[in-house]
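Asker: Sequence annotations record features per position, and here Swiss-Prot assigns active site to Asp73 based on sequence analysis. Positions annotated as active site, proton acceptor by Swiss-Prot, on the basis of sequence analysis: Glu139. The annotation Zn(2+) 1 binding site is assigned in Swiss-Prot to His71, Asp104, Glu168. For Asp104, Glu140, His357, the entry in Swiss-Prot reads Zn(2+) 2 binding site, with the evidence type sequence analysis.
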Amino acid sequence: MSKALDIARDLLACPSVTPADAGALGVLEKLLKDAGFETYRLTFSEPGADDTDNLYARIGAGHPHITFAGHTDVVPPGDNAAWSHDAFAATVDGGVLYGRGAVDMKGAIACAAAAVLDYLEANGGKPKGSISFLITGDEEGPAVNGTVKLLDWAAKRGEKFDHCLLGEPSNVNALGDCIKAGRRGSLSGTLIVEGKQGHAAYPDRAHNPLPEIASLVAALDADPLDQGSDHFPPSNLEFLSIDTGNPAWNVIPAQARARFNIRHNDCRTQDALRALIEARVEKLTGNRITARIEWEPSNADAFLTQPGAFTDLVIDAIEEVTGRKPKLDTGGGTSDARFITHYCPVLEFGLVGQTMHQIDERTPVADLDALTQIYRGVLTRYFK
């Protein structure tokens, strides 16, 4: 078996369903410590959230400094009986590795570790600069005791990163087809319309907020937020639920609430986006409807890593191994790259994401070997 496959199987065998670590960080820490890395295990806390383990490891000194980022926590496997192979048995069948986290994203962490170990072995055990690993156990959960705090801890001790590769499953159909060079932001809120509770048989004595919130939802949904930008598609507002909390069949509710989420580009800041939505609601309601918006806290603004030498270097390494020139993309959901971008340019490139979070999550072993070669090619080019 290849080194990447060995490491991946060891990681997949740890049932690290967020926020549990189940030994996953220990597998990686021992591997890196044995290779000469300085390692730091950190547990972060936050009221109302589970304490979560994290790992920072570094070898070398000075610059350039490349960090490989990722997460060892995984989503629950669902019905284990529905899997072709046990979700945490790390089974290889027909040249394919099965297991929760195979593509999201223990497989990519294994490839990065294998590539780094091979590079160090070929270069006297030290890079011409620094290599580090920034690995959290809190990405699939609330993401409050993970990368965001690990980065803050690293910055306070003087760590400075020049570039980051985050091993999220960026590819859509085949290894090498896509690099995530940015992400849309995410902003959520609740539209609230006030009415007057009353008996359903006497609507003249009540004020039903449901027709009013329905008209507001339809109007807000129909009005585009923007036309997109050079690197992002148009922002989209999606309503997720309309609720009154009313279990009765004969009571007109006093209030209606509609939850929504906005996936937005870089045309506006989140403050400007909030102001835009509130202005539209005010214009639609006038003096006829009593409505307001309650906004959820957000730490997920849109960002873009501008094309440059690092992007070109990664593209070259991918093209050399796969024969494909990857597209630079900003679609999909949020990731921990939204935190990393405040410290250094970050690109996301990992395995193919078609089976992430699904029953029978899996990756071809050939993709593990190819991704290892790509990361190895990045290191060779980076430390020329």
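Every residue, even glycine, has its Cβ placed from backbone N, Cα and C.
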Asker: Which of the recorded positions Asp73, Glu168, His357 has its Cα closest in space to the Cα of Glu139 (active site, proton acceptor)?
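Answerer: Result for Glu139 (active site, proton acceptor): the nearest of the recorded positions is Asp73.
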Asker: Applying the rule Cβ within 8 Å of the centroid of the Cβ atoms of Asp104, Glu140, His357, what extra residues of the same chain belong around the Zn(2+) 2 site?
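Answerer: Counting only non-site residues, the set is Val74, Val75, Gly101, Met105, Met356.
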Asker: List the Cα distance (Å, whole number) between Asp104 (Zn(2+) 1 binding site) and His357 (Zn(2+) 2 binding site).
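Answerer: So the Cα of His357 (Zn(2+) 2 binding site) lies 8 Å away from that of Asp104 (Zn(2+) 1 binding site).
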Asker: Here the recorded positions are Asp73, Asp104, Glu139; which one has the lowest number of other Cβ atoms no more than 10 Å from its Cβ?
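Answerer: Sparsest of the recorded positions Asp73, Asp104, Glu139 by Cβ contacts within 10 Å: Glu139.
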Asker: Sort out the sequence-distant neighbours of Glu168 (Zn(2+) 1 binding site) for me: same chain, 6+ apart, CB within less than 8 Å of its CB, listed by position.
Answerer: Gly70, Asp104, Met105, Ala108, Lys180, Ser335, Ala337, Glu348, Gly350, Gly353
Asker: According to DSSP, which kind of secondary structure is Glu168 (Zn(2+) 1 binding site) found in, if we only use helix, strand and coil?
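Answerer: The three-state answer is coil.
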Asker: How many Å separate the Cα atoms of Glu140 (Zn(2+) 2 binding site) and Asp73 (active site)?
Answerer: 7
Asker: What does DSSP say about Glu139 (active site, proton acceptor): helix, strand or coil?
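Answerer: DSSP call for Glu139 (active site, proton acceptor): coil, neither helix nor strand.
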Asker: Restricting to the same chain and to sequence separations of six or more, state which residues have a Cβ under 8 Å from that of His357 (Zn(2+) 2 binding site).
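Answerer: Result: Val75, Asp104.
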